[in-house]
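Novice: A single structure is presented below for examination.
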Amino acid sequence: MSETMSTNEEKKLPLDGRRAIPPNNSNDEENEVPEMEAFGVIPRGFNPRDYLRVEDIYMFKEPHEINKQEHHTDKYYNPKLIVRRGQPFQIQIYFNRPYKPETDQFWLEYLMGRYPQQNKGTYIPILVGNVLKPGQWGAKIIHRENNSIRLSIMSSTTCIIGKFRLYVAVLTPFGILRTRRNSATDTYILFNPWCQLDAVYLDDEKEREEYVLNDVGIVFHGNVEEIKSRSWSYGQFEENVLDACLFLMDKAELELSGRGNPIKICRVASAVINSRDDNGVIAGSWNNTYDYGVAPSAWTGSVDILLEYYSSKQPVRYGQCWVFAGVFNTFLRCLGIPARLITNYSSAHDNNANLRLDFFLDDEGKVDTRLTKDSVWNYHCWNEAWMTRPDLPVGFGGWQVVDGTPQETSDGMYRCGPASVQAIKHGHVCFQFDAPFVYAEVNSDIFYTKMEKNGTQVVESIDTTHIGQLIVTKEVGGDRMMDITAEYKFREGSDEERLALETAVMYGVKKQSIQDTTYQPQTDVEMDFQAQKAVLGNDFKVTVTFRNKSRNSYTATTYLSGNIVFYTGVTKSEFKKHSFSAKLEPSSSSSFDIVIKSSEYMSDLLEQASFHFFVTARINETGKILAVQKATVLEIPTLRIKTKGELVAGKEMSVIVEFTNPLKQTLENVTLRLEGPGVLRTIKKQFGRIPMNSTLTWEVKCIPMRPGLRKLIASLSCDALRHVYGELNVQIQKP
């Protein structure tokens, strides 16, 4: 008795006084659909076999067949049907006898989730009609032959994104007969940048090929003086990646009914990409110790990260900004939202959106690290996603900033965006989401402020051009860099720039006016410095140059402070202090060299080989202070990749990775990774040690699956040396 009791109770929904049914936010869960839904008491002689019955459904789901070809989904390594919304697709239904439209009645049902409801878009019944209306659900017969009919089905342009279950229902006098649950007929529906009525419509075919269909990209890093680049494998078409991306929306508990809206999807995804406050995909680590995980610089792409998260359901360790951005880009492109990865050089990490970063100087003019809390990231990566913004006034659609790196909370969670790039450029930062934060990242000024003994602050120097100097992304159809700074800001010093700033201030971006502080700049002497390009492990020099434009002679007491920094601009240690007195003759320029020895920096070096130099000079005759800061990055050795054998799809080939250790020390516990979408899945190999000047060679055999131009990407990682990459374009021939 007790057993039957408990099973009955299980079938009942949990009682909740607030909602009739529980929230429907899992694409994975299902409800049971009856094969026979009776209208009442069924008469004794009723035999369902007497009526029209579905024997089989053919989905045209192979990569070479019409659906995947026309919907640009033929690259997905997934056996099920994948189509894009708002565009017709075909299926063929085989009945037990010829279909008679006069007497037979059948319809299709698409269901999603555990509690399908028609008004929520999770239960979609489709009657067969004579015409298909653009942008609306419908079906019509386009071919009849013997016992089969072929249907053309149109999905709505606002349809939910995800995996639907398909049933065919037939009407009989005594009830509805349905097909059995068959996962082979499941249909994935994605965003459609090719469809004019879709919110993510992009009108340029070359841009669609780049921003939706390209499965490799380039991450620009380093700093503005020495831009470095590396390839990243997005792998949005690889096996199980689509399911992993749908799982992220389940993890974020986004209601199924909201999943047709790219704005909502981007907002929840920017939170779930990082593990802060929701156990999301990647755990960030910026402290140079990566125990029990993978160093951020060692990843070569997104696939390993997404698949590990999909199977373990635990945050993957570790990431930094380009890893968050790389995985976010995979997620967006996989679902069909056009996306690109952006790098902002000299990015302000401002704690209170006041457009001002404060660097405090002590009496001697050196930066006081105790008081200085703000930092400038050498670079910061985020993403842009393309969509209309019906929630904003006209003109703010197009590229939207979304950022998965956890920096600040927004509405109580670590997330950022979508923020309209157009709104940021024009200073309209009142429009959601998080525009003031992004505006500050690209527009802040640096204030060098001296604390006097009596507690007053004197502003010694203001640098208005350092932050957001260069904003870039990969060009369409090539590997070069495209400068998109002009999409975020007007020319420095132009009237439009001033107007955009006034607009931003009017809408609540805090900016202290110069009048609040005492500030008289030193105008007749200019100072700058240049760091020589240097290879890791070598000495290099820093040259400080003064230009005295006045007719007076001056002497300048000059301090150089060299710091080893994380790429976020946070100092780990000061490795070089140097002061000298410079004599400045009237109307002339003079230069001073300071040598930096490798022995001074090698022991403390961090993985991005980044230095940060502050040079401050006090003009003794006037008491004025000049200050300049710059980041510099060492050249890191690269991996060499070559291939052996024929490069033909389906035939075995070899990939050879070589690396020569240039350091004056032995490298220990070295990890190599190699991957190439369509050529080989990620392979890892550990090497115990590589003595100085010796060369390591690693040969991998693989069978490339897809013809065309593919990219091989490799990385090397060990405690003493990180950010070592190599890449090679390979043309795989058709068999």
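If you go along the chain as it appears here, the first residue is 1 and each next one adds 1.
Glycine is treated like the rest: Cβ placed from N, Cα and C.
Annotations for this protein, taken from TrEMBL, read as follows:
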ACT_SITE  CYS321  active site
ACT_SITE  HIS380  active site
ACT_SITE  ASP403  active site
BINDING   ASN443, ASP445, GLU492, GLU497  Ca(2+) binding site
COMPBIAS  8-19  compositional bias 'Basic and acidic residues'
DOMAIN    313-406  domain 'Transglutaminase-like'
REGION    1-32  region 'Disordered'
Novice: C-alpha of ASP403 (active site) to C-alpha of ASP445 (Ca(2+) binding site): distance in Å?
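Specialist: ASP445 (Ca(2+) binding site) has its Cα 22 Å from the Cα of ASP403 (active site).
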Novice: Would you pick out, from the binding-site residues ASP445, GLU492, the residue whose Cβ has the largest number of other Cβ atoms within 10 Å?
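Specialist: Counting Cβ neighbours within 10 Å, the top one is ASP445.
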Novice: Around the Ca(2+) site recorded as ASN443, ASP445, GLU492, GLU497, what other same-chain residues have a C-beta within 8 angstroms of the site's C-beta center?
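Specialist: Filtered neighbour residues, in order: THR464, THR465, ILE467, GLY468, LYS489, GLY493, LEU501.
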Novice: Take the domain 'Transglutaminase-like' (313-406) and count its residues per DSSP category (helix H/G/I, strand E/B, coil), listing them in that order.
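Specialist: Each residue of the domain 'Transglutaminase-like' (313-406) counted once, the result is 15 helix, 41 strand, 38 coil.
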Novice: I'd like the number of other C-beta atoms within 10 A of the C-beta of CYS321 (active site), please.
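Specialist: So the number of other Cβ atoms within 10 Å of CYS321 (active site) is 27.
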Novice: Which of the recorded positions HIS380, ASN443, ASP445, GLU492, GLU497 has its Cα closest in space to the Cα of CYS321 (active site)?
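Specialist: Closest by Cα: HIS380.
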Novice: Counting other Cβ atoms within 10 Å, pick out the least crowded of the recorded positions ASP403, GLU497.
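Specialist: Across ASP403, GLU497, these recorded positions, the one with fewest Cβ atoms within 10 Å is GLU497.
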Novice: Going along the chain, which residues six or more apart from HIS380 (active site) have their CB under 8 A from its CB?
Specialist: CYS321, THR343, ASN344, SER347, HIS349, THR405, GLU441
Novice: Among all protein chains shown, how many Cβ atoms are found within 10 Å of the Cβ of ASN443 (Ca(2+) binding site), not counting that one?
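Specialist: A 10 Å sphere around the Cβ of ASN443 (Ca(2+) binding site) contains 23 other Cβ atoms.
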Novice: On the 0 to 100 scale, where does the mean pLDDT of the domain 'Transglutaminase-like' (313-406) fall?
Specialist: 90
